[in-house]
């Protein structure tokens, strides 16, 4: 098969990262978690007491992705591995706000485009098919019900030892959907040539197989 790029987009907790990792593994491609980049910048924003000078924040930031056999993708922020801090509730609650800022978006998108230049990439996020990889060979827009997405996030938090309330998670996800879809810069939307894939009620294996079937149709 020729080298291709795959873009997976969709709202929070639609299963993008889980599926992207699985698809990349099955196809021996490289997985890039763009959300982790925005989470890392949000983590720094919080450490800087919620600075509003986002241009200065990114100008004084180094951000790299590395890969370890035991951990997968690791996020190196200013020479520190911050991977284990990126899923805490404080980061989750602020990431949409930080990601909506133009300097942050431009900084992250530039890095994402550089990573995808050689092809062989599976990338997931909110604007991959529309902004980062508009020429991706396959674009999938993943959706799921709010209830199922909240349940996934709740179980994920349990596994990570993070306390959370199911109803609060539902409200947070609904609010984040509205914020992501209505922001001025790179809003969440389906690319015109993307395939919609509803993951509600489906297993990881079922969704992975559906995407692999799509890949097999690429000439």
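Each Cβ is built from the backbone N, Cα and C atoms, and glycine gets one as well.
The number of other Cβ atoms within 10 Å of the Cβ belonging to residue 16 (ATP binding site), over all protein chains shown, comes to 25. Summarising the annotation, Swiss-Prot assigns ATP binding site to 10, 11, 12, 13, 14, 15, 16, 17, 18 and lists sequence analysis as the type of evidence.
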Cβ within 8 angstroms of the Cβ centroid of 10, 11, 12, 13, 14, 15, 16, 17, 18: which residues besides those meet this for the ATP site?
19, 124, 142, 144, 149, 152
Look up residue 14 (ATP binding site) in the DSSP assignment and reduce it to helix, strand or coil.
coil
Other C-beta atoms that fall within 10 angstroms of the C-beta of residue 14 (ATP binding site):
26
A 10 Å Cβ contact count, applied to the binding-site residues 10, 12, 18: which residue has the minimum?
18
